[in-house]
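Enquirer: The structure follows.
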Amino acid sequence: MSRDRETEGESERKTKMAAATEAKTVHSAAVTYFSMLSLLSLCPPFVILLWYTMVHADGSVAQTWNFLKQRGLQGLIEIWPKPTATAWKIIFIYGAFEAALQLFLPGKRVEGPISPTGNIPVYKGHVAPSSTDSGSSGNLIIDFYWGMELYPRIGKNFDIKVFTNCRFGLMSWAVLAVTYCIKQYEVNGKVSDSMLVNTTLMLVYVTKFFWWEAGYWNTMDIAHDRAGFYICWGCLVWVPSVYTSPGMYLVNHPVNLGTQLAVYILVAGILCIYINYDCDRQRQEFRRTNGKCKVWGKAPSKIEATYTTTSGETKTSLLLTSGWWGLSRHFHYVPEILAAFFWTVPALFNHFLPYFYVVFLTILLVDRAKRDDDRCRSKYGGKMSAYDNVVSGKLKLKGKALDVKAGGIKKKKKHKKQHQDFQSTQNDLSSASGGSKEVSVDPNEEDINDADKSSGEGKASHYDDHLTPAERRYIEQREQLDVHRLAKQANKSHRDRIQDFNQYLANMSEHYDIPKVGPG
């Protein structure tokens, strides 16, 4: 049955199935409710306290604590900034400008991933949902915190999550970074080298994000997290306030690093940002070409995994296991955390508060890695064991990856046979899955690198474009011999194998026999 003919009962059933699947892959109910209520109640005042401590308390948490200890709740009310007409005008004009750019600037059309329930991401809001991805959980707190729409839109073209996450949030990060430079110059008459390093690295990172923006549509923020307080308020307020906090601290605490140290920090930070970009680029190219690409100069290794959608369809994904993604399952988080450290370290170590963002980012990414692994384990089941055999560890590095065959480990005999070994692995996994398969895109894994194959192919992609006809014939003949050998072994019972082995031993000479060295 097509989407436009689905009954209301079927849509509701799919929504509940998708919600139940998500609930299994995140935290327990108690932890979920505690974290939601804590973030809802503590994050807004924390942003105000962070600003007050950086600007008015010399960056000292102890000084702010003593002030609140003496004044209590009245002290928090006193330091809470009052909204002004000028502030409202600035925010409104900035938001309207970013919205206009989003709507009217020309650009290449990039389609987002298919939603978890198999719908095309076109949404109109809760009052007129266009797919089964829209709906209420029945709990007001959860609906407010996590949201009800995966891709909420105003009209046909204005995507709210694109506006909050990218246009307003990320651009605010860049605007505030430059603003802090201007403010330091206004206060001190010059811009310190520490501020220049901090601002340059943050601008390079934001530029990298927009250069790679098409890949962002396949991440957890877009493909899984709905438009609620968690995403929208986080990108509108938390990102501009907390992510730029090292620069906010440096406004009143300029540090003279010296040319040599400043260059070292700048180069190290740019290198980390480039590695983070290259990790995402490898995954994006792997998805775009359905695995028919080069990773570090050679054909990528991969694992073919099947999964079942909420509607009962069997589909297939390709999991990338080479390049940066062969080092660990979430390796791209490592250079991202290091980049945050390098644009914070120009503040040196007089106060802890500038490093809050680095600590927060580490906790956020570790939690995200766990959520992603749990979701993939729930989705792929036993296929994730094969993936774990090749790429283990979350944020840690590991040794060279091993080949996987039928869920186990298979040592490589020769380096030149790596391509044939991985092709055999894919065929084994395909045979083990059984039944007919439909191949399509599934976006739920941000960090397990999958490239779902287009439905027109019908079978696994082969990396034999660079082979000569003779090499192709050799591979085909080798595969046929393997099939005959395995079929011959499969026809023998265990008893037949034991008899053959005993006969083989009986025909062998004993180790203490006198060797025959001559006639007679």
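Each Cβ is built from the backbone N, Cα and C atoms, and glycine gets one as well.
Because TrEMBL annotations are produced automatically, they should be read as predictions rather than curated entries.
As the structure is a computational prediction, the values presented were derived from the model and not from experiment.
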Enquirer: Can you say which of 170-188, 227-245 is given as transmembrane segment in TrEMBL?
Expert: 227-245
Enquirer: So, do the transmembrane segment (257-277) and the transmembrane segment (227-245) meet, by the test of 3 or more Cβ pairs under 8 Å (sequence gap 6 or more)?
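Expert: No, the transmembrane segment (257-277) and the transmembrane segment (227-245) are not in contact.
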Enquirer: For the transmembrane segment (337-366), give me same-chain residues lying six or more residues beyond its boundaries with a C-beta closer than 8 angstroms to one of its C-beta atoms, as numbers and ranges.
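Expert: Those are 50, 53-54, 59-61, 193-195, 197-198, 201-202, 205, 242-243, 245-246, 249-250, 253, 255, 257, 262, 265, 268-269, 272-273, 276, 330, 394-395, in sequence order.
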